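The following features are taken from TrEMBL:
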{"type": "TRANSMEM", "residues": "93-112", "note": "transmembrane segment"}
{"type": "TRANSMEM", "residues": "133-158", "note": "transmembrane segment"}
{"type": "TRANSMEM", "residues": "178-199", "note": "transmembrane segment"}
{"type": "TRANSMEM", "residues": "211-237", "note": "transmembrane segment"}
{"type": "TRANSMEM", "residues": "257-277", "note": "transmembrane segment"}
{"type": "TRANSMEM", "residues": "297-319", "note": "transmembrane segment"}
{"type": "TRANSMEM", "residues": "339-357", "note": "transmembrane segment"}
Amino acid sequence: MVNFSKDRFSPKRLSPKHIKAKIEPQLHWKVPMEEGVYQDSRWSNPDLDPVKPEDRTWGAVDYWAYWTSDMLAPPLASTVSSVMSLGFTARETIPIVFCGFALCSGALTLTGKMGARYSIPFPVLVRSIFGMYGSYPVIVLRSFVAAMWTAILCVQAGDFLNNCLTAIWPSFANFPNHLPESAGITSAGLLCFFIYWIFQTILACMPIKKLRILFLIKGVVVPPTFLALFLWAAIVTKGGGPLVTGHAKITSTYMNTAYSSLTGLNAIIGLFSSMAVNFPDFSRFSKNNLKGYNQFFALPVIGTLGALTPIFVTSAHSYLWGEFEWYMPAVIAKFDSRAAKFFTAFSFMLATVKVWYD
């Protein structure tokens, strides 16, 4: 039951002294290790031990909300653009996207079942394959991929934050730039990058078991934005535009259609191949051992439907402004309505939050 007592909302709780007293004990040069089932905290601690039955609270709705929030995000648009850059239109791209996600969902379902069955995370699961010390390089490699995704998504989220600030204060578009063009980013973009980086670093300290509510919120807020953009693009282009109604034209001279299809399939699988490895980090919280086939269908269904939005939006951008643009912050920056610009950018920025956990 939520505590609504006066002391809980007392101004004293927001005083610098009280905040310092709360935060200071959590600050350490070295993270203190807690003992788990076994005495050696290197092999056993509360983060590595099997999840307690009372903490296994994730159901089918929670996982569908997770996949919805994870799939409907900027990386999907970037990956779809990689496929369409091979010369495919929507009718060729959609089957490739569906097949790629279906193949990936097979691996996800199997690894997820292992994590749910034994309630153990990825670092413990890989010990059964590589051994106790052999699991270290695997974990380091997975951490490197996570760091790479963090960098990429922080840049994109920073640009969405830039869109939000420009929508609120149009003068922010004239923020002085002191960086050379070769830097690939402006001073305003760098500022927004650091602001979001600080925000996501704070969120990174949140335990996975407490992320269920965040994913539910994202699962409610983000899909309407994708649907609204899809409908807007379909209406302004009167049916979809050149990418939807055109014919495939392979842009690479050394690749035929079959080889290009395999290249596109590989790009789609690569989007969630890393998640197929560490999905036990999430599936271990399942309260019913991931009963049924929800996980298998979630990825291809949500991913394929979500892929329609970036395709139609890019086609609409070409129809309205004469060029193909896949980078969503650049598309949003063209919106005339400040309200539409803010809410769309904010929704995409929210969609980016915690995607780097993958």
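Using the three backbone atoms N, Cα and C, a Cβ is placed for every residue, glycine included.
Please treat TrEMBL annotations as automatic predictions, because they have not gone through curation.
Among the stretches 93-112, 257-277, 339-357, the one making the largest number of Cβ pairs under 8 Å with the transmembrane segment (133-158) is 339-357. Tertiary neighbourhood of the transmembrane segment (257-277): same-chain residues 70, 75-76, 79, 82-83, 86-88, 92-93, 96-97, 99-101, 103-104, 107-108, 111, 122, 142, 145-146, 149, 248, 250, 299, 358, selected by CB-CB distance under 8 Å and a gap of 6+ residues from either end. Across the candidate stretches 93-112, 178-199, 339-357, the maximum count of CB pairs under 8 A to the transmembrane segment (211-237) is reached by 339-357. Sequence-distant neighbours of the transmembrane segment (339-357) (same chain, 6+ residues past either end, Cβ-Cβ under 8 Å): 69-70, 72-75, 146, 149-150, 153-154, 156-157, 160-161, 163-164, 166-168, 196, 200, 203, 208, 211, 214-215, 217-218, 221-222, 225, 228-229, 281, 328-329, 332-333.
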